[in-house]
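Please find one structure pasted underneath; my questions will follow.
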């Protein structure tokens, strides 16, 4: 997810580089809703202790009170991790961070044992992450208990060991065996060194602090910056901790610089415009789509909220689309990145730029502060503001000059503002003109926008003229983005024309003599439709005006034919008309008595067959006595019975093809068993004759 967000951020900044103004808003309810959705426990747990801390810290910074209750499972995991002698250094660190928020039940002996293990790990540390987890863990132990007194007697030595991993450009390596340096590692190193300074039993060598301040200055020299003021630390490194994009790298540096600024009494002289640019970077992302990305963003903003001497103030607008017609007031809000109130200050409107132009109007007008809503209001727009797109340039002035030492505003802030209004449409008319003299044959007034149903007629020697005027609320001529006239033939063929303007008047004249080929010589009724629209025009419209009957000459033999019109998918694939089928009435059945008499006649030959067998004295004397011949004889007679039964099924139920399939199988069976039976009878008869 971090990788995808990194690409998204880069794309966002490339887009931002094409303009010098943008709008940034502090953390809002959208972030809180996203946090509850992204940090959702499964079976009462967030998974690892690292994920648990990220969720709890995000909830804490955002002030979310109705959060999932995972205290029981999380504290059980914390206690098990801290009491286990086989726990990894990283797990100990994250367990202590979770305990710092949840305040789980741990004995003083447990903290004593943890301190001893962390110091042992610190003595054996050979990488930046080992120092980070050890120092960070000791800092957490110091903050969570007053019984254990955590101090570093060899702080200078540890400081120099960590400093040995720094590079000349302000970036750091994760270990001496890894030649790759990164901004992410620089943030980790600064945060670790801040812990070393805090835990030192004696003051750190001043030259080391001065060198580290110089490294921070070099680090900020390599920051990426764009025209809208956005700044970020780029990163393309992939290491054991995963992929580090601009978000994670920038967040790491901000955490490190904030931690270092909090423990040193000296001023870091951080570049205020770059700190503000980092704040704009984190806010410009919006609401990240991943839990870890949201954690990076919120924690970095929390650090910027409390960074000593460089707290950024964000100028935002509750609404950037204002209606001139409704006389909407321009409101400006100043707050910290997390939405806290700014110190007493004034906001001045200094300049107004027309979007797309370098010309500016000098205003220097102070906005009125509304204490109830904590916004600065421009009660009346300057007279030169009309509908359209503008860029307003604001300047922030602190009431107390001392606040300049603690807050940064970035000088003048440019904000794009969109002014809309109702455009007056005047002198709208449509007319048919004679081609030769240009005299008006018929003319109709139009109500735009409104209901119109004009009915005109013309031939190929005449013209159609449509004209109207557009006037802004300030009384100036207005040119919309779209002004189209469409004529649609009854066959479905459409023709669209752009309505041009000359000064205040929009006019289009259609000379039908020159358009007969474009109209494919199609005479008949044409529906007229006018479209006028613009993003700043509140009353944009697309409406029919009526129709015109055109009488055009017959098409020559080689004239172009109208293109085939697309078939409406609904008529092709939509529901078909219901088919109503009337079955013929059943034929009249014969009387029941007649049917029974016919059944008797059908069965009569069967009874005659039985009587014939009796008269002929049929017997079963020749039935085979042996087992095998008797079996074949029985199967032969059962096969004949099966054929007769098949005929009965054919009569009542089966179709001819099914009957023939079954009969073919029975026929093969009867031929086999019948051959065996007749062979036995022939053999028996031959034996009797020879005897």
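A Cβ is built for glycine as well, from the same backbone N, Cα and C atoms used for every other residue.
The model shown is predicted, which means the values in this text are computed figures rather than measured ones.
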Out of 566-583, 656-673, which range is noted as transmembrane segment by TrEMBL?
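Going through 566-583, 656-673 one by one, TrEMBL gives transmembrane segment for 656-673.
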Quick check on the domain 'Ribophorin II C-terminal' (583-683): DSSP residue counts for helix, strand, coil, in that order please.
78 helix, 0 strand, 23 coil
What counts of helix, strand and coil residues does DSSP assign across the domain 'Ribophorin II second' (313-417)?
5 helix, 55 strand, 45 coil
